[in-house]
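Quick look at what TrEMBL annotates:
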TRANSMEM  B:6-26  transmembrane segment
TRANSMEM  B:38-57  transmembrane segment
TRANSMEM  B:63-84  transmembrane segment
TRANSMEM  B:91-109  transmembrane segment
TRANSMEM  B:143-159  transmembrane segment
TRANSMEM  B:190-207  transmembrane segment
TRANSMEM  B:219-238  transmembrane segment
TRANSMEM  B:245-264  transmembrane segment
TRANSMEM  B:270-289  transmembrane segment
Amino acid sequence: MTIELQNISKRFGALKANDSISLTVPPGCIQGILGENGAGKSTLMKIFSGFLRPDSGELRFDGKTVRIHSPDDAIRLGIGMLHQDPLDFPPFRVIDDFILGSPGGLIPDRRRALSDFNSLSARFGFNLSAEARVASLTVGERQQLEILRLLWLGAKVLILDEPTTGISQAQKEKLFATLRTLADQGMTVFFVSHKLKDVEALCGRAAVLRQGVLAGSMERPFDKAALVRMMFGKEVKLAAKSGVPPGKKVLTVKTGALDSIRLRIKDVNLEVRAGEVVGIAGMEGSGQDLFLRACGGLVEPSGGQFCLDETETPMNGKTYHDYMRQGVAYLPAARLEKGLISGLSLAEHFTLSVKPRGTFIDKKAAATLSKARIAAFNIKGRPDSPVESLSGGNQQRALLSLLPEKASLLLVEHPTRGLDIESTIYIWGKLRERCASGTAILFISSDLDEILRYSDKVLVFFAGKVTPLIAAESLNVQKLGELIGGMGWDAFKGNGDA
Amino acid sequence: MTGDALLFGLSGVLSSSAPILFGVLGETISERAGVSNLAMNGMILLSAMGGFAASLATGSLALGFLAGAAIGAAVALVVAFASISLRQSQVAVGYVLAMLCRDLAYFLGNPIMGMPGPRLNLAPIPALSSIPILGTLLFRHDIVTYSSFLLIILSWFYMERTKPGIMLKGLGENPRAAYVRGADVNRLRYLYTVSGGAIAGLAGPIYSLSVKAGWKGTISGLDGIGWIILSITIFGGWRPFRAAMGAYFFSFLQWLGLVLQPLMPNVPSQVLQVAPFPLMILTLLLVNIGNAEWVERSLSHLPESVRRDIARVLGALNATPPAALGQPFDKDE
């Protein structure tokens, strides 16, 4: 199906989210839609998939004007959208999730649905069990389920909104292979992303949105520098490694052991020194999150010693507050759920973050403080903006700005998950500044490039097993990917071997 | 106790569970769609009084039940309107309505208090009722008890085996996803809240026309049952069969209280009457204890094989509420 978007405009109050955007995409094409957060990508795709109605402009399929009033209309016209947060039902069985929303009578034809599901699944080499609970699947598998469902409903156009956030390298490759197969069969694929690298790897064409306007488009082979200029309207450079010489020990773990109902980690030994950046890699649920929280006193280790300074006094049995007093700070992945307090404004957060002097709020001091912090961290928001109204990148900046000025060890979960390039660079710039002043950083990421680019040393988790610290220079994406998948572990016998 | 007395007792447990079942399953339907109707306690009192009054005035039992369902539906409509259309707190609206309806029931019921009225007759099923043991247990009841058996099966079948039923669960789990799959979320939530209310509303006349026939105002002994129904809904994990088990368990405890009274003369009778309520809460706690982190942590010290089994049992018992319970839905957010 040839898709034409003609002069699509959409306003939200004073904000022009989409300003007269036109785009024609032939069948069999994988069209990348690039742009930083807030560029209008999501609005355009929501219009396309029936969530929003444009103020003006029209959609044409094979030359015919169509009106889409709801997502339900969209799928009947053959447009399927894969949302960034999987729109599925975690407690359901896979097959029930698959069936829900399909046309037909009162009683679903389970046998047919099941055989269709299995044959579709086999066609793409997906390994999904129809009887498993959706909640037990990884994000990547939930995407696979949703793709199968949309294909089953007869989607001829597939829109994917930031699909590579939160899935593993292997799953990403599988997803790309699937999309290529679909495009070869004549399907049109819209791949919405802020990750230049993914668009480069997958798409035949790319259109760039900036501040609601189509800033330009390009066909393969892509001129990367030109795409970046289109995205930001200026040149952006990635930072190199910090190169801070390591200082005194800030974290020592000796024969550390952790237990949860699902996982048992044993015999972790490591030393982290001031100024070092340690990246922690592993598939989600391999124990890395547990370990990171144990380093901050948020999880009680079941054995071994966790020490925070040169004297190597074990901190076992102490609480997060004791760790905090020793200079440890923890930045959770769920920013809004665990890091910030929804409903409170930026100014209120800043007021809470400084040591309380008395019970009452000094409004004047609070105002000065918030203005200074907002300027220093380049947060797009006002002191009275509620934190939940900020974009992801600005929430992460706010979290960073709330950290105590003197920290010896930062524990960060997914520092840039879901953020655009500019925010990513900014966040890492700030983290770097910290390293230069002697803070060590321990971070978890599912983005292998991020781990390799920013860490001095790398720690890999696989099903409760842990490697010793590996120098980042000795690794590449492929080797790291293998370790995450459980291959090439023989070299590390002795550490973390259960 | 003789075998016969035990049999009759258990049979009584089944019939006195009927109104609780209607309440629990009605609430389960409503909560599955994402709306919790906390007005239950007042609603049942009002529909018990209203149902009795209607059938007293008309001489028709059917009209009595109809009135009860209508009152339940009307109260649920208020909850639905306040929470779905006005986007107000379901907890606040529910509590206020629970108190309002209770006082309304006592006030409006004054003129008919203690009056003799119609009562549903037993309808033993021919042939089946003469089967030894099972006949007495299952087939010598009145029509509402049979209906309560049927309701368990029907609501299970609807939720597990039909498309609209799967969508019902989707509404309370992830309304946005349900919307994307073609559901008119708010209209369906109205539908299920009101029909859940109508089903739960039948609990009132089942008391006043069958289980505890008549209307005796504040000494009807119905006050509080609505709250227990809400907790059994949770115990039941929002699943019909488990909810039914909870209802039967509670009635069984109540019956036990009566049976034990003559055997334990030293214990004040009030203690035995009230005991089922805290026992029920305690059960609820025990059943859902698996999701607490400290349990997980203390279990991790056990040997692997034992730990697996315990985790499996706790996991099976563990019930998670519909993820979007109590949250209003707006597609544009």
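Here the Cβ of each residue, glycine as well, is placed from N, Cα and C on the backbone.
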Recorded stretch, among B:38-57, B:143-159, B:190-207, B:245-264, B:270-289, maximising Cβ pairs under 8 Å relative to the transmembrane segment (B:219-238): B:38-57
Folded-back contacts onto the transmembrane segment (B:190-207), same chain, C-beta under 8 angstroms, at least six residues removed: 18-20, 22-23, 25-33, 35, 37, 40, 43-52, 55, 64-65, 67-77, 79-80, 84, 144, 151, 168, 171, 220, 222, 225, 229
Beyond the flanks of the transmembrane segment (B:38-57) by 6 or more, those residues with Cβ under 8 Å of it: 19, 23, 27, 63-69, 71-72, 75-76, 78-79, 90-91, 93-95, 97-106, 108-109, 112, 115, 117-118, 197, 200-205, 207-209, 214-215, 220, 222-227, 229-230
Tertiary contacts of the transmembrane segment (B:245-264) (same chain, 6+ residues out, Cβ under 8 Å): 1, 9-10, 12-14, 16-17, 20-21, 24, 228, 232, 235-236, 272-273, 275-276, 279-280, 283
